[in-house]
Every structure is written in C-alpha cells, then in structure tokens.
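Student: Here it is, the structure in full.
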Amino acid sequence: MSKKPVALIILDGFALRDEDKGNAVTHAKKPNFDRFWNEYPHATLQASGEAVGLPEGQMGNSEVGHLNIGAGRIVYQSLTRVNVAIREGEFEQNETLLAAVKHAKEKGTNLHLFGLLSDGGVHSHIEHLYALLRLAKSEGLEKVYIHGFLDGRDVAPQSAETYLKELNEKIEEYGVGEIATLSGRYYSMDRDKRWERVEKSYRAMVYGEGPSYTSAEECVKDSYDNGIYDEFVLPSVITKEDGSPVATIQDEDAVIFYNFRPDRAIQISNTFANEDFRSFDRGEKHPKHLHFVCLTHFSETVDGYVAFKPINLDNTLGEVLSQNNLKQLRIAETEKYPHVTFFMSGGREAEFPGETRILIDSPKVATYDLKPEMSAYEVTDALLAEIEGDKQDAILLNFANPDMVGHSGMLEPTVKAIETVDECLGKIVDAILAKGGTAIITADHGNADEVITLEGNPMTAHTTNPVPVIVTKQGLELREDGILGDLAPTMLTLLDVAQPKEMTGKTLIK
C-alpha cells in the first residue's frame, strides 16, 4: 500500500532577513523554495532566545533547535541552567564540581579547566570558567591551569585577544589560575573523527608539544601575523621563563571540561577519560587515574563525572511516532547526524522501535567552503529511494549546507550551498507530493542569512533572525507567532496522531 509520508525538512542555518547585504539566502537562486513559499501556507518561527529556552537575545544553534523541535516544547538549555545555578549560588555547592576540587587537594595534584574561551553561548560561556575559578579560590586551591580553546566561529573570527584580556583580568582579580595551553577549536573540538586534529591538542596538553610562547597574547599575535585566526590556531604551549611548560596534565590530576554542548566535546573527552581509547596512540605519558568532570552529560561513551545531569524528556516526537506504530526515518550527513537522531530524540542514543537511520558521510575537506554541495545529493538520492519504496510514514531530514558553509563567512560558497539544497528540496518535496504526502519545510536557526556584516567583515556566527515554515498542504492557515517547539505538534496533526500532554507546544495549523 502506498504511504503518504509527512516529512519534516530542516534547512540547517537558513533564516529570513530583509537586509540583502551579506545575505546568502536572498542572493541565492532558489526557485523551489520560492515556489513552495508562494504556493502553500507559510509563516515564520522564533528560533532563538527564550523561545528555545535560552537567555533573551541569545542566538539559537543546531543542538538547541533539534531538541526543541523533537520535544515539541520549550527545552530549557544547559546555558540557562548553569547561569541560573551561578546566579542562585547552587554552582559553588555542586557536589560533582566540589569533588574534583577535593580530589586535587587531597592528592596534591593540579586542577585543569578546559573549554571554549568565548561568550558565544553555543558550546560554552566564559562566565562559567570564571565561576570555576571563583570556586577553586574559595576552596583554597592554588594549582589551577586553563587550557583555552579559541573560538572565532560563534563569535568574531579575530576576537581572542578580547577574551584573553578579560580572562587575565579575572585571574589577577581572583588570585588563581594560569593559562597553560591554547588551541583553535578546529583541533580540540573536532566531531568528525579527524583524530589527527584532536591528537595535536592532546599532545600540547599532556606532552607540552607544539609551538611554544611565553604568553597567550604572544601566541595569538604570532598566529595572526601568519594569517591564522582564532578557530585555526595551532595547539600551542605557554612556557615559564626556563622554557618548560606552565603545566601539563599528569597522573591523578583533576579536569573540569566546562563546555556544555556535547557534540564537539565527545572526542577530546574520550581521549582523556576512556581507558579503552584506540583512535590514536596516546603514548606512555597518558595521565592515569584522572578525575574527569564534564559540565553536562556528553555521551554514554565518555567515562567521566557529570556536574549537571540531563533532564529527562519523555514523549518526544520519535517516541510518539513509535508508540503509534508509525515507521520513521532519520536522515542526514555526518555533520548533522547527531542532531537529527540524538538531539531530536531528547538526548536518547538508541533508536525507537520502527525507526530507521541513514547516515551519509560528509566529504573529507578542510573546510566546507571548498565543497559547498557537501553530501546533499547523496542524502537526496538515499531519501528518494525510501520515498519511492513506500517505506516510511514520517521523515525527519536535515540539510547541513547553509549552516556548515555559512560558518566560513564567505558569501559565494554559501550561496552555492543554498542553491544545491534548493535543487534537492525540489526533488524531495515533489516526490512526497506525488505520493499524496506533506512536507514541513523549516530551519533550526539562522546563519546563512548573514555571512558578511554591514561593515563588510566575515560573519561566522549564527543569527537571531526568524526561520521559515512552509506546510505543503492547501486549505490550511498557519499561526504567525510560532516557535520551534510547535513543529512536532504540527507534524502529529498532519499524521492524525494525538499530542501527548508533555508536549506543551501548539500546532501551527489554525
């Protein structure tokens, strides 16, 4: 029997903005998106700030977006949870954080703090590092070392000096902390199994290997002089006057990894925390008996303590589809596969009964502006086969291109990325319509809508602009005040499935 699938198609990083300058969305030729927008009911959704459980004005991101979409409700994010804990005095009483400090004190070893040095709020927030420094000081710990990952992606590409200046002021104010290594996030926060990058960061932190400098500022200046900006700064070692490293991570040290977003934290965490790690040779000096703390739950694969444990999300979209014996497909390429599976399932790694997953490998290129098409065509071919085979009742699809290429801050490659996705979108939606099905076309956050600032500088961060939503079914009217948490209830309405009470979002269909 022919299925009439309902598909949720997420154009990652594709938001709407009136200003044309630096806007790859308006510059791109996208006849299919425009056709669906003009022919079918459409509206915009809020995908940032309080609408997705973030602080007011905070840009959304893929993890947050997919959590909200899959949960069918506003999910209060780790950034908000940790901020509230700091504000209300709960952070300094967190038993897991205190246990790490106690371990270092009792063993007479060092406490290492590592994470992203910015206030981007996507993977980390520098205020959380400052809170950890205050905690260490209040507990009388003196040997505290910082391994800073430079951002330049969720914030301006050359902003490291600003954050280092502020960090050094805090170190002086609190009387605790010293920078031991610096590394661009390209190396320390890889998520695509490019272990040669992670290894460089690891060896800087453990072996003191890599370019050496007498200060963090000297490291950044030298990198800038060589045309290497924050995200791509080589893992580097800060040295004392005698040329030896300020500190390396050694046996029985304590580590607190203060990033809160899991996807780019897993690989480097496994490198330190897991005894059975085999992805590269860690060498004889690999620190044994580390007390390793993750700020949040990164993955079942990470053997570490968790300071802020997950909030259980019951009756997510995937679970409800499964309970109603509907076949569902999750499909994406590598870069967004965790988002359309793990995050969309509320932090659940396992498949639900009746769930199929298709992972298409992302291309092995240094940066995606070199191949803006990424693997969109391969994703499309795989999905068209599923649609033609009448295999699925519900389809959850992510196209990574607008976001991943948008992060380059380059207009032409991002335009090419959107034009590629538009071509694929046309084929997929037309195939769904031919089966009598319906597509919900939307996005999780902004990015490609501003890749060049009004001043003409590269813009590599996300935006707070609203995202589109199109429902390819005539005779409907959509609300204009929607949020990402309303998408799952909308999909359930189209599938004629009752919405569970845990889903507090509201269908967009009037």
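Note: Cβ is positioned from N, Cα and C throughout, glycine not excepted.
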Student: According to Swiss-Prot, Ser62, Asp444, His445 bind Mn(2+) 2; which one of Asp12, Asp18, Asp393, Asp496 is annotated to that same site?
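Tutor: Answer, per Swiss-Prot (Mn(2+) 2 site with Ser62, Asp444, His445), from Asp12, Asp18, Asp393, Asp496: Asp12.
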Student: List the residues in the vicinity of the Mn(2+) 1 site, defined as same-chain residues other than Asp403, His407, His462 with C-beta within 8 angstroms of the site's C-beta centre.
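Tutor: Apart from the listed residues, the neighbours are Asp12, Gly13, Asn61, Ser62, Arg153, Pro402, Met404, Gly406, His445, Asn447, Ala448, Thr460, Ala461.
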Student: Which of these recorded positions is closest to Arg264 (substrate binding site) if you go by CA atoms: Asp12, Ser62, His407, His445, His462?
Tutor: Ser62
Student: To the nearest whole angstrom, state the Cα distance for the pair His445 (Mn(2+) 2 binding site) and Ser62 (active site, phosphoserine intermediate).
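Tutor: Counting only the Cα atoms, the answer is 7 Å.
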Student: How far is it from Asp444 (Mn(2+) 2 binding site) to Ser62 (active site, phosphoserine intermediate), counting Cα to Cα, in Å?
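Tutor: Distance between the two Cα atoms comes out at 6 Å.
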Student: Is it possible to get the count of other C-beta atoms within 10 angstroms of the C-beta of His407 (Mn(2+) 1 binding site)?
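Tutor: Other Cβ atoms within 10 Å of His407 (Mn(2+) 1 binding site): 24.
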Student: Given Arg191 (substrate binding site) and His462 (Mn(2+) 1 binding site), what distance in Å do their CA atoms have, once rounded to a whole number?
Tutor: 19
